[in-house]
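Participant: Quick one: this structure, given as structure tokens, is what I'll be asking you about.
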């Protein structure tokens, strides 16, 4: 019989030992993960090289102007398509494919037309009334053959409806031109509400958390009530009992709001959310006290480090730069393809399938040796070495985008973590807090830990690019009937999704340890993971409760701004001498304001979340390092000590 393990937690490392010299983030540190730093710099140089190559080969006019499947510009003066300025997509729903991110080309036939179709119907109705469809409308496919409307519908069986994409896009654009100033006003209001909310948390954290909980429950409750009233008001109205499935996909989305099933679905979803929130509050009520204490301490920390609230602006600017470079490079890469023409002949010909130039084909000897041969469009791509590896350049562009975006996020996390750790380990606050904690922490991160940030970002980027490859394979194999392959692919996608979430969680805590101790990424990740595993109960409950409360804060801000924008744009409330703009789809500005409000609230609360996570790890280390004696006093505030039923000898407490 094996001896009983004395310390069952030893497999997760030993608890932190008391160190009288430890006073927070270590200043005497060295550079970490230098090899990864060099690799990151070389990768960036390669990224710039790919960008220069793409800019020299690409033609962004193919994105700006309508281009058919052959690469011809619609409506170009002097071309056969001069009188066909518009582009028609046979199945625009295929443009939602993830492949568009890599190739920036919609995988459906596109032809130039003189005017857009003015009749639209579901495929089922069209096939049932072929005589009504007739042969009035004809188009030309890639091979130059005439296609009538009936044949077009037959070829589009995979799509349930023909979507009037251009008309919808134009209506949405018109709505933005009519409401853009109101949208900006809504976003400014969202920013002010978020700032006021954060400032109130600084002084009234406990009260604000409970008010926030009550308001979220109340806002969702009102949403349920409003959906029920709309559902009841449509009862008995002709056509309101039509199902969403019967309607199919329509370009006029307001039609969906005129049927009962839509409001019933909204009401059911809100009821489920309401019940889940209430049950969580009931079962986690005992943990709420500690979570609120942590939020109070986070509010106090942010109050002493107010510059942290403005740091997300730097992150936003850097991410915008990364996204812009990726998007521009992707556009130039995707537009560097060229139309490829090959010799086509009905009889035997030695030049058959050879590449040809349609401009010089008639004067070549091919027409002499192969009578009846034609130079026809084959595909849109290219046969040079550059074009053969074009898809690899696109993957490299996307991979470096992930790596750089993750690096910017990591830089923000380690910067905020270093500043908030300086606050926690200052025994006398604010006297012991170093001057300019954000700038000091940012300087340490860039000077010593660029390699560690690049290492963690690289791991995450590899997982993300694998997920993209799996999506790419999934789209390419959609026509395959092998159910085993589909099942395996689905399992892999699920596993890598979970792995990405876990790595993000681990990286976040590893960066906190990097900011505090200045060790390399692997050591910091191991120390953070072991620390969390030694306190798994607190992590599983307490840390997630604080995340839940912060999420409720974002939900409240979005709910307030969303409800106000809904009442304004639908004309249910009217301001003095100010009327809501006339819109085609009132959901366009509402949805824009809601998404923008969430991003703004997320920017403010991301600082809170990072602060809470940093204080939480410091709190766990404080419990392991110290015991409350005169020589080893706790650094945690009095409110946390009282909740945990701990105290410092002699009543010595942290300011």
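Yeah, the Cβs are placed from backbone N, Cα and C, and that goes for glycine too.
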Participant: Give the range, chosen from 34-55, 56-77, that TrEMBL lists as transmembrane segment.
Facilitator: 34-55
Participant: Examine the ranges 233-256, 305-328, 329-352 and name the one recorded by TrEMBL as transmembrane segment.
Facilitator: 305-328
Participant: Would you mind telling me which of 372-399, 400-427, 484-511 TrEMBL tags as transmembrane segment?
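Facilitator: Among 372-399, 400-427, 484-511, the range TrEMBL annotates as transmembrane segment is 400-427.
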Participant: Among the residue ranges 448-470, 517-539, 609-631, I'd like the one that TrEMBL describes as transmembrane segment.
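Facilitator: Matching range for transmembrane segment: 448-470.
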Participant: Out of 207-225, 448-470, 548-571, what stretch is closest in contact terms to the transmembrane segment (400-427), meaning most Cβ pairs under 8 angstroms?
Facilitator: 448-470
Participant: Any contact between the transmembrane segment (548-571) and the transmembrane segment (180-200)? By contact I mean 3+ C-beta pairs closer than 8 Å, pairs at least 6 apart along the chain.
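Facilitator: With 3 or more qualifying Cβ pairs, these stretches touch.
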Participant: Going through 180-200, 263-284, 305-328, 448-470, 583-605 one by one, which has the most CB pairs that fall under 8 Å from the transmembrane segment (34-55)?
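Facilitator: Per the Cβ under 8 Å count, 448-470.
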Participant: Return the stretch with the most CB pairs under 8 A relative to the transmembrane segment (180-200), choosing among 207-225, 263-284, 305-328, 583-605.
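Facilitator: Most Cβ pairs under 8 Å with the transmembrane segment (180-200) come from 583-605.
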Participant: With the transmembrane segment (207-225) as the reference, find which of 263-284, 305-328, 583-605 contributes the most Cβ pairs under 8 Å.
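Facilitator: Per the Cβ count, the answer is 263-284.
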Participant: May I ask for the residues of the chain that lie six or more residues beyond the transmembrane segment (583-605) and have a Cβ under 8 Å from a Cβ within it?
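Facilitator: Residues 171-172, 174-176, 178-179, 182-183, 186-187, 190-191, 194-195, 197-198, 253-254, 309, 312, 316, 550, 553-554, 557-558, 561-562, 565-566, 569-570 contact the transmembrane segment (583-605) from elsewhere in the chain.
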Participant: Cβ under 8 Å, sequence separation of at least 6 from the ends of the transmembrane segment (263-284): give me the contacting residues as numbers and ranges.
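Facilitator: Answer is 213, 216-217, 220-221, 223-224, 227-228, 230-231, 234, 244, 257, 541, 545, 548, 552.
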